[in-house]
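Engineer: After the structure tokens below, expect a handful of questions from me.
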Amino acid sequence: GSLVAAVLEHSGRLDKEHLGARVGRLSRRGEVCTMINKKYVEFLPSMRGAEDLVAQVEGLTNNIDQLKGHIENEVQRDLNVAGAEFTELKQQLERDTLVLSVLKKLQEFDTAVKEFHSALLEEQYVTAAQQLEKARSSLRILESRKGFELKILKALGKELVVQTQNIIYHLWQEWQKLIVWKLPPSKGSSSLEAVVLSELHLHTVPPQDKDTAVPPVAAVLQALAILGELHYKLKDFGHFLLQYILKPLILHPSLEPVSEEQPDVFILRFGSQELALDEASPMEVFDKIKLVFEVLHKYLLNVPLEQPGEGKVTLAELLGELIWEELSDCLIHNCLVKSIPTNSSKLEQYKEVIKSTEEFEKALKKMQFLKEDTTALLKYACNVNSHFANKKCQDVIMAARNLMTSEIHNTVKITPDTSVALPELPDPGSGDHLKMHRPSNLHAGMVNLGSESRLSPLTLSLPTCRISCSVQQLVELAYHTLLEATASTDLCCLQLFNCVRDIFQLFCEVVPTYHRENLQKLPQLAAIHHNNCMYIAHHLLTLGHQFRYSSASVLSSVAVTFVDLVPGFRRLGVECFLAQMRVQKGEILERLSSARNFSNMDDEENYRAANKAIKQVLHQLRRLGMVWQDVLPVNVYCKAMGTLLNTALAEIVTRIVALEDISAEDADRLYSLCRIMVEEGPQVFTPLLEEDKNKKYQEEVPVYVQNWMTFKELMIILQANLQEIVDQWADGKGPLAKEFSAAEVKSLIRALFQNTERRAAALAKIK
């Protein structure tokens with residue numbers, strides 16, 4: 001019951017709430033309807049106004065459509081017709097304007113040509129040239145118009161060319177009247193006799209008679225400038241001026257300019273000095289050139305011109321641009337170069353040349369011949385130290401090369417006490433250094449090394465020999481050049497030092513190449529070349545050190561030495577001499593090859609061939625001994641002759657030992673041949689001119705000939721019996737054993753003796 005009551009109570013409460021909500025909704029709907037009615041009342045007039053506007057817009061649209069149709073059908077057609085008419089009128093106007101402008105230019109061309117002819121007849125060349133340029137300008141404009149071509153333009157162009165050549169011809173004629181050259185008959189000749197006939201006549205002052213008056217030079221030059229022809233005329237004038245006036249003054253010191261002024265002409269010619277120096281100083285040359293330019297400036301070059309595109313210039317400026325480069329080169333190479341001192345002591349005097357060069361350039365600039373920034377001559381003159389070094393090096397190299405290519409056989413004898421003409425070397429300064437005088441005299445007296453040790457006065461001296469005079473002069477040249485270097489500036493000093501090195505390096509290249517054929521064919525020249533190389537190497541050992549301590553020279557602070565060149569010179573001399581030795585050895589062996597191996601000497605023909613070969617070898621050795629006599633140092637001479645004689649003896653020994661059968665007669669004849677070698681061989685040792693002094697070296701032949709004792713032992717074997725041979729062997733301890741091997745001795749015994757018990761016993765003892 002309580003549950004039902006609760007449900008009913010809940011349902012009643014819900015109905016009440018639902019009813020309340022429904023009443024609330026109905027009240028709100030009423031409010032909305034009221035508001036809608038109000039809005040409708042307000043909207044109705046606006047809608048009616050909009051409908052009226054729509055009706056009006058539709059009316060306007062109809063009117064626009066009608067207007068558009070009218071424009072498209074009638075107005076557009078009228079506009080197209082008007083546009084076509086406008087375009088046609090515009091084209092007609094352009095054609096008329098073009099024709100008018102062409103006619104105007106043709107009129108200008110015609111007027112300019114007429115005024116040109118009038119001015120040309122009156123010899124008003126500047127006006128004529130200006131009118132001709134106006135005509136050319138008009139024609140150029142006419143030709144530049146595209147799509148408008150007239151046949152008359154070609155005719156006008158031809159007429160313009162003709163009239164241009166006409167006025168140029170007239171101007172050239174006037175130029176030739178103003179400037180007259182009188183040249184020698186042989187124009188190409190530059191000899192003094194030819195150039196002295198050259199004259200320049202300047203007709204710059206017109207005469208009083210107006211009928212024959214020459215137009216002023218300014219008018220002719222200005223007209224040429226307007227026409228663009230002045231450059232070519234000035235170029236020709238500059239060429240003649242250089243070739244016939246300026247260059248002769250530079251190249252011929254005896255020439256001097258002579259000027260002569262007359263009422264209507266100025267004449268420039270040459271005068272010749274009878275007593276003239278071989279070379280003129282730069283100051284004299286500058287004065288002559290300056291005089292010429294002053295005269296030309298007064299009578300010709302001081303003319304102001306209106307140059308197209310450049311403004312106002314003077315004729316001097318234009319001429320200077322054309323000829324200055326060539327003129328300055330000529331002045332440098334034929335004047336300033338020759339004035340560069342050859343001795344550093346004269347460098348101070350060169351300041352006068354520098355001052356004169358500066359004044360010369362200033363004078364030319366004042367005359368407007370040179371621009372202000374042009375200083376080619378002055379720069380060259382101021383750089384005298386570098387030019388001095390270059391010239392000095394060039395002179396030294398040329399002198400050295402002349403010495404290297406001179407004859408080698410002109411010799412001078414060098415001895416340990418020879419005093420070579422070398423310069424007095426500078427004092428190395430205070431301290432423990434010894435004062436150096438002549439390097440060749442450093443050996444004077446004994447050198448004390450302390451306590452009891454002493455060196456010979458000939459220690460480190462070059463042995464007596466002969467060297468080429470040219471090589472002695474070459475070494476003296478090197479000493480003098482280095483002495484010159486010590487008194488020069490640092491840059492020049494180093495350059496001269498390197499120049500001396502170049503001299504010796506050049507020697508290694510030039511002499512072997514230039515004298516190759518003679519050095520290969522002539523033994524004496526090969527020996528002299530050997531001595532030359534050793535002589536140079538001897539001086540190179542101390543050449544640099546002798547100049548190192550000069551306080552005023554940069555050489556004291558750098559590594560000054562020539563020692564690195566010494567091995568090359570020694571190798572050069574030795575290789576040349578050894579090559580000659582190989583040639584001589586080859587000839588000796590070739591001659592001995594005709595001896596028929598020294599076999600069958602009992603045959604008379606074979607014996608004569610062997611005897612001839614021996615005599616030819618001895619003759620060759622005697623000839624070599626004579627050509628090397630008093631040339632090679634004694635020790636080198638003896639070693640060389642000993643080597644060649646040893647070659648002959650060794651070949652003879654080898655050939656005889658190789659024989660398989662030697663009869664008693666063969667042995668006797670072989671012995672006689674060997675005796676010739678032993679008796680005459682030492683006589684080829686003649687190193688000195690004095691015969692009595694050569695005996696010492698002839699007695700010392702075994703010292704220089706390695707196979708001398710071998711050869712003598714062979715002679716003993718050829719004449720000995722078996723017992724004597726065994727005794728000479730002495731169980732391998734005798735003199736024979738020192739020279740021959742056991743096999744060689746046995747071979748000789750078998751060849752000399754028949755096969756007997758005694759020979760067998762002797763062979764058994766040879767072991």
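Using the three backbone atoms N, Cα and C, a Cβ is placed for every residue, glycine included.
Residues or ranges marked as domain 'Centromere/kinetochore protein zw10 N-terminal' by TrEMBL: 29-112. Here TrEMBL flags 50-77 as coiled coil. What TrEMBL lists as domain 'Centromere/kinetochore protein zw10 middle' is 172-404. Residues or ranges marked as domain 'Centromere/kinetochore protein zw10 C-terminal' by TrEMBL: 461-590. Feature annotation from TrEMBL assigns domain 'ZW10 C-terminal helical' to 612-766.
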Engineer: Out of 29-112, 172-404, 612-766, which stretch has the largest tally of CB pairs under 8 angstroms to the domain 'Centromere/kinetochore protein zw10 C-terminal' (461-590)?
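Structural biologist: Ranking 29-112, 172-404, 612-766 by Cβ pairs under 8 Å to the domain 'Centromere/kinetochore protein zw10 C-terminal' (461-590) puts 172-404 first.
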Engineer: Express the predicted model's confidence over the domain 'Centromere/kinetochore protein zw10 middle' (172-404) as a mean pLDDT, rounded to an integer.
Structural biologist: 79
Engineer: Could you put numbers on the helix, strand and coil content of the domain 'Centromere/kinetochore protein zw10 C-terminal' (461-590), residue by residue per DSSP?
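Structural biologist: Residue counts for the domain 'Centromere/kinetochore protein zw10 C-terminal' (461-590) by secondary structure: 105 helix, 4 strand, 21 coil.
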